[in-house]
Amino acid sequence: MTEPAATVTVRVPAKVNVQLAVGGPRPDGFHDLANVFLAVGLYDSVSATPAPAPRLTVSGPDAALVPLDESNLAVRAARLLADRHGREPDVHLHIAKDIPVAGGMAGGSADAAGALLACDRLWGTRTPHEELLALCAELGSDVPFSLTGGAALGRGRGELLTPLETGGEFHWVFAVADGGLSTPDVYRECDRLRQAEGRGADAVPEPEPDPALLTALRAGDAAALAASLRNDLQPAAVSLRPSLAETLDAGLAAGALAGLVSGSGPTCAFLVQDAASAARAAQALLASGTCRTARPAVGPAAGATLV
Ligand SMILES: C[C@](O)(CO)[C@H](O)COP(=O)(O)OP(=O)(O)OC[C@H]1O[C@@H](n2ccc(N)nc2=O)[C@H](O)[C@@H]1O
Ligand SMILES: Nc1ncnc2c1ncn2[C@@H]1O[C@H](COP(=O)(O)OP(=O)(O)OP(=O)(O)O)[C@@H](O)[C@H]1O
């Protein structure tokens, strides 16, 4: 097999969960989900260049928050692919980071999907798409969606994807918080709050996708989507970070159709009518002092793409 010597770069989007229905805890520690993912146009880029030994570098305003050791999901992805093909992970990975770190927007998952695709192309290993998806699922529940992008329903722990049709573009503003939230902590807090309300694991219904939400996505109807946005992890994220309630209020006061915590948070996502409303809402959110930055973005966005 011949290997191209040049750098391969892959661009990968962030996600927002327009519906995140969470079941009770499973024996393996995960939760069954009805997880409606929408990829949005905030991107990380992962570049892979041949190197004598594995190496990782990260650039971008929040680069200091990203681990450079073996725990980095992009490094783990390159190792997994190399192992699968019986070769050394002799690659220099560079992540140009623009997705908020530990923000509930699947930034690490994006880097894992990007590293898999970039290394597969660099090494000429030509892994079939289904096998790449299986490797993604080994790396994390959100990683398969980072590869495919668009819009999809995730069942199981979120890794079993069915693509969804969308009838148009949706405009969002993302209010990025100072500091992150740990995903396992947020799931644990969700279980704790449910227990405290007398809703133990047995009383939690099977998570199911909301037909009204799927219809709104298919129609490209922002007002209808706004009416059906739902995140079962939101009370847990707000319990761990009470200031998010103020951010959510500020987004509504800024004219958003609706707002919710993105995934495990702490980023808050606001659905707006159009690009002009997004620009206005972003300015108002920033002026409110309830977030660190406010970023407009459009979804659906393409999944991991060679550039
Ligand atoms: C909150 C979401 O971002 C919504 O898309 C995801 O469910 C989280 O996906 P992720 O970050 O890829 O999570 P993973 O790396 O697979 O799992 C991290 C931890 O989150 C919790 N976890 C994750 C997914 C899931 N369906 N149930 C869980 O309880 C578990 O404690 C797990 O050990
Ligand atoms: N490539 C990476 N980029 C960012 N964080 C990483 C990466 N690899 C590992 N991590 C670790 O993972 C933690 C979660 O980061 P990430 O940005 O993926 O969170 P997230 O967006 O909340 O994830 P999700 O939405 O999938 O639950 C970070 O605190 C960091 O320690």
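Sequential numbering from 1, following the chain as shown.
From the backbone N, Cα and C atoms, a Cβ is placed for every residue, glycine too.
From a predicted model like this one, the values you see are computed outputs, not experimental measurements.
If you look up TrEMBL, you'll see Lys15, Asp142 marked as active site. As annotated by TrEMBL, domain 'GHMP kinase N-terminal' applies to 72-150. What TrEMBL lists as ATP binding site is Pro100, Val101, Ala102, Gly103, Gly104, Met105, Ala106, Gly107, Gly108, Ser109, Ala110. The domain 'GHMP kinase C-terminal' feature in TrEMBL is assigned to 214-286.
Here the features listed in TrEMBL are painted onto the structure.
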| residue | record | contacts (Cβ under 8 Å, 6+ apart) |
| --- | --- | --- |
| Lys15 | active site | Phe37, Leu38, Ala39, Val40, Met105, Ala106, Asp142, Phe145, Ser146, Gly263 |
| Pro100 | ATP binding site | Ala14, Asp62, Gly107, Phe174, Val176, Gly180, Thr267 |
| Ala102 | ATP binding site | Leu65, Gly179, Gly180, Leu181, Ser182 |
| Gly104 | ATP binding site | Leu181, Thr183, Ala237, Val261, Ser262, Gly263, Ser264, Gly265, Pro266, Thr267 |
| Gly108 | ATP binding site | Asn72, Leu73, Ala74, Val101, Gly140 |
| Ala110 | ATP binding site | Val12, Pro13, Ala14, Tyr43, Asp44, Ile99, Ser146, Ala304 |
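For the domain 'GHMP kinase C-terminal' (214-286), the predicted model reports an average pLDDT of 98. DSSP assigns Ala106 (ATP binding site) to coil in the three-state reduction, placing it in neither a helix nor a strand. Listed in chain order, the residues near the ATP site other than Pro100, Val101, Ala102, Gly103, Gly104, Met105, Ala106, Gly107, Gly108, Ser109, Ala110 are Ala14, Ile99, each with its Cβ within 8 Å of the site Cβ centroid. Residue environment of Ala106 (ATP binding site) contains 31 other Cβ atoms, counted within 10 Å of its Cβ in all protein chains. The Cβ neighbour count for Asp142 (active site), using a 10 Å radius over every protein chain in view, is 30. Secondary structure at Lys15 (active site), as computed by DSSP, is strand. Proximity of the recorded positions (Lys15, Pro100, Ala110) to ligand 2: a Cβ under 6 Å from the molecule is found for none of them.
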